[in-house]
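*Asks:* Before we start, here is the structure in question, set down as structure tokens.
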């Protein structure tokens with residue numbers, strides 16, 4: 001499994017030779033073996049990528065994220081075949097029971113709110129953090145009272161001020177959205193690699209969103225992105241911020257009585273969710289990470 005999150009920021013040509021990604025720039029040429037690469041992000045539109053390289057990256061199941069002229073991710077390559085038994089997996093996915101999906105969504109929302117509470121604890125807001133813990137305990141199967149939205153309102157106003165709005169055009173929102181897109185990319189890869197469809201969610205059901213299931217499973221990890229942005233100390237959506245967020249899956253967190261890379265935690269969490277839906281495990285088997 002690769003461990004490098006490779007980011008291309010300057011004009012160059014990316015090609016393939018003998019198992020290596022070859023990056024030919026104006027001043028130098030760099031080679032990285034594909035076995036070392038976890039993901040490749042093209043942060044500029046001034047990059048030429050060979051079809052041969054794209055083919056080899058797909059064979060190695062290495063995702064490539066393409067960014068627009070503002071350095072914001074707009075597309076990603078994923079292999080067409082994620083597992084040898086993908087037809088069986090998709091058929092099973094379409095048969096997941098509504099009660100099972102509701103119970104899993106309850107767990108996902110509780111974990112998300114618990115993570116938001118931890119962020120507020122770390123940001124010295126103990127009263128609001130305690131309130132969020134109460135919200136998490138109140139979440140019922142399927143979250144019919146929308147505790148998720150109530151928690152989000154308290155969380156963001158405490159974290160960023162009463163005037164903060166997620167729809168604002170700001171450097172802060174640009175950084176958050178960039179981090180969320182990196183997270184969405186990781187979650188989508190985990191889903192596809194197991195042979196499931198990202199289109200069919202357990203809660204998100206939009207006809208216009210091909211990432212419904214990804215949007216479901218990424219929720220408990222959003223607060224980790226928020227904390228990363230806050231702790232960076234950077235007020236602008238700059239190159240340093242993008243580099244920090246691209247590497248976010250390599251950061252350590254507490255999980256299952258040990259320290260794990262966030263990328264590994266995401267993978268284990270999603271596998272546990274599938275195990276619960278497929279009745280290979282239970283909701284109680286799904287372990288949550290901690291930032292404390």
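Each position is counted from 1, following the chain as shown.
From the backbone N, Cα and C atoms, a Cβ is placed for every residue, glycine too.
TrEMBL labels come from automatic prediction, so no person has curated them.
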*Asks:* Select one of 137, 190, 219: the residue that TrEMBL places in the Mn(2+) site alongside 148, 204.
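*Replies:* Of the residues offered, the record points to 219.
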*Asks:* For residue 204 (Mn(2+) binding site), what is the secondary structure state per DSSP, taken as helix, strand or coil?
*Replies:* coil
*Asks:* How many neighbouring Cβ atoms, not counting its own, are there within 10 Å of the Cβ of residue 219 (Mn(2+) binding site)?
*Replies:* 20
*Asks:* Fewest other Cβ atoms within 10 Å: which of the binding-site residues 148, 204 wins that one? Let me know.
*Replies:* 204
